[in-house]
Amino acid sequence: MSPSDVPINWKRNLTVTWLGCFLTGAAFSLVMPFLPLYVEQLGVTGHSALNMWSGLVFSITFLFSAIASPFWGGLADRKGRKIMLLRSALGMAIVMLLMGMAQNIWQFLILRALLGLLGGFIPNANALIATQVPRHKSGWALGTLSTGGVSGALLGPLAGGLLAGHYGLRPVFFITASVLFICFLLTFFFIRENFLPVSKKEILHVREVVASLKNPRLVLSLFVTTLIIQVATGSIAPILTLYVRELAGNVSNIAFISGMIASVPGVAALLSAPRLGKLGDRIGPEKILIVALIISVLLLIPMSFVQTPWQLALLRFLLGAADGALLPAVQTLLVYNSTNQIAGRIFSYNQSFRDIGNVTGPLMGAAISASYGFRAVFCVTAGVVLFNAIYSWNSLRRRRLAIE
């Protein structure tokens, strides 16, 4: 029996990677509530300049992550996924530490770009688990894993706000670096992977990767679905607080109401993702994907007609429950339509599309709201998701006809 054939405890790996994704999600979102304040502290003054630099330092991380992800994915397929998890956690910890020492906005911008280049813990965690878990449990495992990052992202802003209030802005970066270093230690000591390194000559090139896919068109449609999921999520983010203020009128606790409405989809996804992932293992992830996309459309449209913040909160909770099924369903279908040999690159390509969606979504939402108002954003987003539902259904139908 070769080393790669030795059984490993994938359930323990799932638990540890869940903790790693939780810590990574929390670490990234810890600094988000006060990012514009830190930009201001670094010497940027004036409303327009502050808006421009805040947008730049936010989006540049996703942009550089989209560029770097395929490279790291290829390296993961050559050297193993565990070493990529270690590289990502340690690299991000060092960059976060340096961010707390930044003296001007250019240093901070470069470090935010470097954070994107060195990131990739969550897609590599997905690739690791996808290659270890039994195929018939992929939906449940990837759905469960997705709740780690969601949980961290939900708790991160709250913890970041509290820490910044007590200790100031710079110490939060040092605390975040410590959290990421803990993630590195957990990965180093507790994650097991049996991986035989592949030489550079043996690694498949992009054309060979595409040729090895069971259904290249379907995989491309899944990448597009990931992009549109993030566009739909991100398009609402820039206008949410302003829309809530328009609905609520003059109330003193608008920040609390907006924060609650912003977080309810994450709570719903946290509850629904493992259950819908398990259901997908039974009835097929493709059915879960199409139904969840259609439900998302049916929930986005009435959001443009709500009259109170609580109506919006209810619809966003239901939308979060549906969205909790989307990315795990996409990831499960990627597992079904690729091999372990190329899993790192497939998940990294998917991450690149996700990052592109993270950049373009807020830009789309801001442009639509500036031209047509807040309510139009929900209608246009619903149209984009509807297009994706039809496109995905057509791709899955072609696959089914090809099999028959």
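The backbone N, Cα and C atoms fix where each Cβ goes, and this holds for glycine too.
For 19-39 (among others), the entry in Swiss-Prot reads transmembrane segment.
The transmembrane segment annotation in Swiss-Prot covers 56-76 (among others).
The transmembrane segment feature in Swiss-Prot is assigned to 90-110 (among others).
Among residues of the same chain six or more beyond the transmembrane segment (113-133), those with a C-beta under 8 A of the stretch's C-beta atoms are 8, 10, 13-14, 17, 20-21, 24-25, 60-69, 72-73, 76, 81-82, 84-85, 87-89, 91-92, 95-96, 99, 141-142, 145, 149, 183, 191, 193, 331, 334-335, 340, 343-344, 346-348, 350-351, 355. The annotation transmembrane segment is assigned in Swiss-Prot to 113-133 (among others).
Among residues of the same chain six or more beyond the transmembrane segment (149-169), those with a C-beta under 8 A of the stretch's C-beta atoms are 21-34, 37-38, 41, 122, 175, 259, 263, 266-267, 269-270, 273, 324. The feature transmembrane segment is assigned by Swiss-Prot to 149-169 (among others).
Summarising the annotation, Swiss-Prot assigns transmembrane segment to 171-191 (among others).
Sequence-remote contacts of a segment are chain residues at least 6 beyond its ends whose Cβ falls under 8 Å from one of its Cβ atoms, and for the transmembrane segment (222-242) they are 254-255, 258, 261-262, 289, 293, 296, 300, 323, 326-327, 330, 333-334, 337, 349-350, 353-358, 360-362, 364-366, 368-369, 374, 377-378, 380-381, 384-385, 387-388, 391-392. Residues or ranges marked as transmembrane segment by Swiss-Prot on the basis of sequence analysis: 222-242 (among others).
The transmembrane segment feature in Swiss-Prot is assigned to 254-274 (among others); the stated evidence is sequence analysis.
Only residues 6 or more beyond the boundaries of the transmembrane segment (288-308), in the same chain, are considered here, and those with a CB under 8 A from a CB of the stretch are 139, 225, 232, 247-248, 276, 279-280, 315-316, 318-319, 322-323, 325-326, 329-330, 333, 375-379, 381-382, 385-386, 388-389, 392-393, 396. Annotation source Swiss-Prot lists transmembrane segment at 288-308 (among others).
Per Swiss-Prot, the feature transmembrane segment maps to 317-337 (among others).
Look at Swiss-Prot and you will find 376-396 (among others) tagged as transmembrane segment. Outside the transmembrane segment (376-396) by six or more residues, the chain places 217-218, 221-222, 224-225, 228, 231-232, 235-236, 239, 286, 289-290, 293-294, 296-297, 300-301, 303-304, 364-365, 368-369 with a CB less than 8 A from a CB of the stretch.
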Of 56-76, 171-191, 317-337, whichever stretch has the most CB pairs under 8 A to the transmembrane segment (90-110): 171-191
Stretch with greatest number of CB pairs under 8 Å, the transmembrane segment (317-337) reference, 56-76, 171-191, 254-274 candidates: 254-274
